[in-house]
Each structure stands twice: as C-alpha cells, then as structure tokens.
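These notes concern the structure reproduced below.
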Amino acid sequence: MNHGADTIAAIATGAGAAGVGAVRVSGPLVPAIAASMLGREPRPRHAHFAAFRDGAGELIDRGILLYFPGPASYTGEHVLELQGHGSAVLLDALLRRCISLGARLARPGEFTERAFLNGKLDLAQAEAVADVVSATSEAGARAALRSMEGVFSARVDDLLGELIALRVHIEAAIDFPEEEIDFLADPVIGEQLAALRTHLDELLVETRRGVRLNDGIAVAIVGRPNAGKSSLLNALAGSDRAIVTDIAGTTRDVLREAITLDGVTLELADTAGLRESDDVVEREGIRRARAQLERCDVAILVTDEAHAAVDVAFFEGTPSHAARIVVVNKIDLGSSPAHDESADGVAKLWLSALTGEGLDALRGLLRTLATAGAGEGAFSARRRHVVALEIVHEHLTRTATALHDSHAGELAAEELRQAQQALGEITGTYSSDDLLGAIFSSFCIGK
Ligand code: GDP
Ligand code: ZN
C-alpha cells in the first residue's frame with residue numbers, strides 16, 4: 001500500500017444542517033492547499049480565521065483553518081482542518097475546492113488507517129475510534145474511549161511480554177538437548193506458564209465484558225415448542241416480528257431483534273425448539289439455534305411450572321460464562337403471581353408474555369447484566385479480540401500438556417509461537433490486508 005503518496009480529503013462532520021462542519025485533509029499536498037486557502041503560509045497548530053474561496057476567487061465560507069504538520073498529527077502526515085458552517089452545500093463546495101487543489105476523496109476509515117500504518121495508534125485503538133463514534137450508551141462511549149487511549153492494548157502488550165519471556169526460556173532450554181529435560185523441569189517455567197494462563201483468563205473475562213459494552217449483550221431464548229419464546233421476544237421487542245402460533249415447531253429459524261434498554265443493546269434471538277427433526281428447514285433452524293446458543297451472554301429458558309425442572313436441559317450448550325435465567329411463563333393461566341427467586345446463580349422469574357405482567361423485572365435484570373462491571377477502568381473490545389484470546393487459551397492449554405505430560409520442549413515452543421501470533425493480531429503486530437480492509441471499510445467517511 002503506497003500510503004502517504006497521495007492527499008486525501010473528506011467532510012469529517014455528520015450529515016445535515018449544524019452550527020459547525022469540518023473538512024479534513026491529510027497528505028503531502030496539505031501545506032500547499034493550506035497556503036492557497038489562507039492566502040499565506042499557515043502557522044502550525046494555530047487557529048486562523050480565514051475566507052475560504054473557490055478557484056475563481058468567489059467566497060465559499062468564512063471559518064477556521066488549522067494546520068498540523070506531520071508527524072505530530074492524527075494521521076502522522078500533514079493534516080489540514082477547515083471548519084466552516086455546517087451546511088452540506090457549503091461543505092461540499094469546500095471539499096470540491098480541496099479536490100481541485102490536488103486531493104482525492106478519502107475512503108471510509110482512511111484517515112485512521114493512515115494513523116495506524118504510520119504507527120500513531122495500534123489496530124485495537126483504531127477500532128476503538130470507530131466504536132467511540134458509533135457508541136449508543138454513555139457506558140459504551142466511555143469504555144471505547146479507554147480502548148482508544150490504549151488501556152486494552154496495554155493489557156494485551158503486558159500479556160505478550162509475559163508470553164515472550166516464557167518462550168525465550170523454553171527456546172533456550174531446547175537449544176541444549178542434553179540438558180533439555182532438566183531445563184523444562186525447572187519450576188520457574190511451570191510458574192511462568194501458570195501466571196500467564198491466569199492473566200489470560202482475567203483478560204478474557206474483561207474482554208468479553210468489553211464486547212458487551214460495545215455491541216450490547218447476546219441473549220438466546222430457549223425452551224420447548226409452545227412455551228412462549230416468540231411471544232416473549234415480541235413482548236420485549238415491542239413488535240410482532242416473530243411468528244407466534246399454536247403449532248409446535250413454527251419458529252423455523254433464529255429470529256433476531258435488537259432492543260435498547262437505557263442505551264444498552266440487547267440482541268435477542270428466539271431459537272427453534274432444539275429437538276430432533278426430519279424437516280430440512282427446521283433442522284437448519286436448529287443448527288443455527290445451537291450456534292446462537294454457543295455464543296450467547298445470557299440464556300433465557302422459557303418454561304412453565306410443570307416443566308421447569310426438566311427443561312433446564314435446554315441450557316445445555318450455553319457457554320459457562322453466560323448468565324442463566326429461568327422464566328416461568330403463562331402465569332395468567334394459573335394462580336402463581338409474578339415474583340423472582342435465584343438459586344445456584346440461576347435467576348428465576350414468573351411472568352406472562354401475553355399480558356406483560358412481570359416483564360419489567362426481566363427487563364431490569366437484563367439491564368443489570370448488560371452493564372455489569374461497566375465502572376472504573378472498563379474498556380471496550382470486539383468479538384475478533386475475544387476469538388483471538390480464545391485461540392491463545394487453546395495454545396496455552398496445549399503448551400501445558402506438552403510440558404507436563406511429555407516434556408516435549410519443541411511442541412511447547414511451537415504452541416507458544418502460535419499463541420504469540422494470535423495475540424499479536426489484536427493490536428496489529430501481525431495482520432493481513434484482508435483483516436485491515438474489513439476493519440477500516442466499516443468506518444464512516446472522514447474518520
Ligand atoms: P414458542 O413456540 O415457544 O415460540 O411459543 P409461542 O410464543 O409461539 O407461543 C405458543 C402459544 O402460547 C401461543 O398461542 C401464544 O399465544 C401462547 N402464549 C405465549 N405466552 C403466553 C402467556 O404468557 N400466557 C398465555 N395464556 N398464553 C401464552
Ligand atoms: Zn416460537
């Protein structure tokens with residue numbers, strides 16, 4: 001990629017009328033463009049009040065011109081910011097003027113991509129820039145800001161440091177085959193690995209929470225056919241999207257609905273009854289339901305008084321870190337009033353998806369689960385980061401096996417090498433062009 005070879009420009013502020021709007025320019029032509037716009041050499045990092053004119057000398061707008069010479073700028077290149085009135089027409093004219101002076105239109109995320117490529121921020125920080133911009137809750141925005149400042153990256157780098165230290169230790173041992181067994185039996189190696197695994201587990205917990213703060217929580221609704229899963233989803237979502245019928249097995253696919261509770265997003269999925277089926281379409285639904293179940297943060301079992309005890313089998317397949325809620329539905333049919341209980345870490349609520357009685361208690365519980373641990377120091381993260389840490393986890397488990405069971409230094413070293421690679425992908429130490437393309441293309445233009 002020949003980044004830095006050309007100069008890019010984009011409107012950096014949101015669409016629609018606003019008090020102030022800005023055009024951002026980055027690249028080698030910036031000093032020349034800035035001088036043309038101002039009519040003289042701009043002073044670095046100084047707010048100039050300027051008359052922005054088009055090629056014919058016609059006034060486009062009056063506003064503020066800011067010039068940041070590279071490398072002390074957002075992208076690491078020369079950067080120009082032109083602030084004018086937040087009118088789409090004027091900003092377009094300002095942008096056209098920059099293009100006529102030699103800049104080209106920036107792709108989505110291209111400014112931040114250049115900042116990454118020029119080492120101004122790492123990949124996890126760059127992703128957090130987009131997450132700050134798109135945050136829908138205050139807790140989410142704060143967490144994304146911490147990741148943008150490097151709080152998450154620093155944790156990853158600490159772990160990387162520990163991992164490399166252990167790798168060096170083991171690589172040194174296998175360089176001396178005649179003494180390898182003794183080296184590998186050194187209790188220090190075992191202690192280093194144990195500490196590393198503990199720190200990884202801690203980081204995984206916090207990173208999963210970071211994803212919840214960023215994306216909201218994934219909620220899977222499970223239970224036998226006709227328990228009222230679709231009705232509950234609709235009641236929570238306040239719409240009629242899921243198909244509700246009296247025929248068992250109507251929900252043939254995973255139905256998703258994103259709802260917002262106090263700015264926290266809940267991604268709800270109604271799963272088809274997880275049971276044997278000869279129907280192809282239904283089997284596909286069941287397969288997807290299982291996949292949804294395996295990655296949920298919260299599993300809600302919908303059941304009734306009679307089946308509550310046996311139906312807990314539906315929780316099978318939910319991750320061990322997921323919260324579990326038993327909903328005893330259809331209380332409007334019986335005499336049990338809405339209330340809640342919890343035992344063994346499983347919350348139990350009585351409600352009616354049909355009348356809405358008891359639904360607020362469930363909403364409150366979901367809200368609490370979604371924002372749990374969102375306080376001091378919480379950072380945002382993405383699913384990609386969790387997946388990378390899970391891969392590191394697998395490699396460290398195999399490293400331990402190699403060391404303890406067979407004293408296989410070469411194997412352990414190879415596992416650690418792969419663990420280091422997976423960890424490095426989070427901050428972009430190792431990254432493919434495909435990954436970068438996927439990340440930056442999801443940005444908005446001007447960032
Ligand atoms: P699913 O198969 O688990 O998704 O169940 P549905 O949501 O499709 O509901 C099955 C049937 O139970 C429908 O006829 C619903 O109207 C009914 N139902 C769901 N929740 C309640 C409830 O709280 N009270 C009553 N009386 N009926 C309900
Ligand atoms: Zn259903």
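Just so you know, glycine gets a Cβ as well, placed from its N, Cα and C.
TrEMBL annotations: computationally assigned, not manually curated.
Pulled from TrEMBL, these are the features on record:
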| type | residues | note |
| --- | --- | --- |
| BINDING | ARG24, GLU81, LYS120, LYS447 | (6S)-5-formyl-5,6,7,8-tetrahydrofolate binding site |
| BINDING | 226-231, 245-251, 270-273 | GTP binding site |
| BINDING | ASN226, THR245, ILE247, THR250 | K(+) binding site |
| BINDING | SER230, THR251 | Mg(2+) binding site |
| DOMAIN | 216-371 | domain 'TrmE-type G' |
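Distribution of TrEMBL features across the structure.
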| residue | record | Cβ within 10 Å |
| --- | --- | --- |
| ARG24 | (6S)-5-formyl-5,6,7,8-tetrahydrofolate binding site | 24 |
| GLU81 | (6S)-5-formyl-5,6,7,8-tetrahydrofolate binding site | 20 |
| LYS120 | (6S)-5-formyl-5,6,7,8-tetrahydrofolate binding site | 19 |
| ASN226 | GTP binding site | 19 |
| LYS229 | GTP binding site | 31 |
| SER230 | Mg(2+) binding site | 23 |
| LYS447 | (6S)-5-formyl-5,6,7,8-tetrahydrofolate binding site | 23 |
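Counting in whole angstrom, ARG24 ((6S)-5-formyl-5,6,7,8-tetrahydrofolate binding site) lies 48 from SER230 (Mg(2+) binding site) by their C-alpha atoms. Taking every pair among ARG24, GLU81, LYS120, LYS447, the residues recorded as binding (6S)-5-formyl-5,6,7,8-tetrahydrofolate, the greatest CA to CA distance is 18 Å.
Listed in chain order, the residues near the (6S)-5-formyl-5,6,7,8-tetrahydrofolate site other than ARG24, GLU81, LYS120, LYS447 are ALA12, SER26, SER73, TYR74, THR75, VAL79, PHE111, THR112, ALA115, GLY446, each with its Cβ within 8 Å of the site Cβ centroid. Taking only the Cα positions, the spacing between SER230 (Mg(2+) binding site) and LYS120 ((6S)-5-formyl-5,6,7,8-tetrahydrofolate binding site) is 48 angstrom. Taking Cα separation as the measure, ASN226 (GTP binding site) is nearest to LYS447 of the binding-site residues GLU81, LYS120, LYS447. Under 6 Å, Cβ to nearest atom of ligand 1: this is the test, and of the binding-site residues ARG24, LYS229, SER230 it is passed by LYS229, SER230. Under DSSP, GLU81 ((6S)-5-formyl-5,6,7,8-tetrahydrofolate binding site) is assigned to a strand (E or B) in the three-state scheme. The DSSP secondary structure for ARG24 ((6S)-5-formyl-5,6,7,8-tetrahydrofolate binding site) is strand. LYS229 (GTP binding site) sits 41 Å from LYS447 ((6S)-5-formyl-5,6,7,8-tetrahydrofolate binding site), taking the Cα positions as reference.
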